[in-house]
Amino acid sequence: MTWLLGYVDPLDPCFVAAILTITFNPLFWNVVARWEQKTRQLSRAFRSPYLACYSLGTAILLLNVLRSHCFTQAMLSQPKMESLDNPTAYCVGLALLGVGSTFVLSSFFALGFTGTFLGDYFGILKEARVTTFPFNVLDNPMYWGSTANYLGWAIIHASPTGLLLTAVVALVYMVAILYEEPFTAQIYQQKASPSHKRS
């Protein structure tokens, strides 16, 4: 990883903006979702947990558009890597985009909007945890599909900056998973418990 740093200017404003958006987005949606789960303030403000979830989901989508824009601008503002600037690497990048998009879109269709955008924190639960494709192939396919998309985008642009930023994306997602997974497991365990079913 250190060899990538020779290509990257970490003080470049576009690079700094990309780092900030990459780290801010999961922090934002986890803090807001946990706050909602504890207080139900958003559900009360919108007078519906569904409207509140749709609003948070829309905000997350817009933040992700901003993150992708900053990621791209950071790549374009810094030098390419000659060894990646060839047709083979370009095809590998396209393949990663294809795989990543498949995981992201199939995850969305399997979970639905509220399942994708933290509906469980709003009390909007599915009958059981989703175990169909792509969840029967990979844990957290939305996150890893997104990471594959960024990696493919970086390779297509022959960008060492993009590769470094993709590593940051993966690291941030790993932290988010450690934070989110126990909660998700807990609420579905509670839902399946006899006391919950009697209530």
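Please read every residue number as a count from 1 along the shown chain.
Quick reminder: no glycine exception, Cβ is built from N, Cα and C everywhere.
Per TrEMBL, the feature S-adenosyl-L-methionine binding site maps to Gly98, Val99, Gly100, Glu180, Glu181.
Taken from TrEMBL, the feature intramembrane segment covers 13-33. Long-range Cβ contacts of the intramembrane segment (13-33) within its own chain (Cβ-Cβ under 8 Å, at least 6 residues beyond either end) map to 42, 56, 60, 63-64, 66-67, 70-71, 73-74, 76-78, 117-118, 121, 161, 165, 168-169, 172-173, 175-176, 179-180.
The topological domain 'Lumenal' annotation in TrEMBL covers 1-12 (among others). Within the model, the topological domain 'Lumenal' (1-12) carries an average pLDDT of 79.
The topological domain 'Lumenal' feature in TrEMBL is assigned to 34-45 (among others). Within the chain, the topological domain 'Lumenal' (34-45) has long-range Cβ neighbours (under 8 A, six or more residues past its boundaries) at 52, 55-56, 121-123, 183.
Summarising the annotation, TrEMBL assigns topological domain 'Cytoplasmic' to 67-93 (among others).
The topological domain 'Lumenal' feature in TrEMBL is assigned to 115-157 (among others). Residue counts for the topological domain 'Lumenal' (115-157) under DSSP, split into helix (H, G, I), strand (E, B) and coil, are 22 helix, 0 strand, 21 coil.
If you look up TrEMBL, you'll see 179-199 (among others) marked as topological domain 'Cytoplasmic'.
TrEMBL lists 12-29 (among others) with the feature transmembrane segment.
Look at TrEMBL and you will find 87-111 (among others) tagged as transmembrane segment.
Same-chain neighbours of the transmembrane segment (150-179): 1, 4-5, 7-8, 15, 18-19, 22-23, 26, 30, 71-72, 74-82, 84-85, 89-90, 92-100, 140, 143-144, counting only residues six or more beyond its ends whose CB sits under 8 Å from a CB of the stretch. Per TrEMBL, transmembrane segment is recorded for 150-179 (among others).
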Would you find the one among the binding-site residues Glu180, Glu181 whose Cβ has the most company, meaning other Cβ atoms within 10 Å?
Glu180
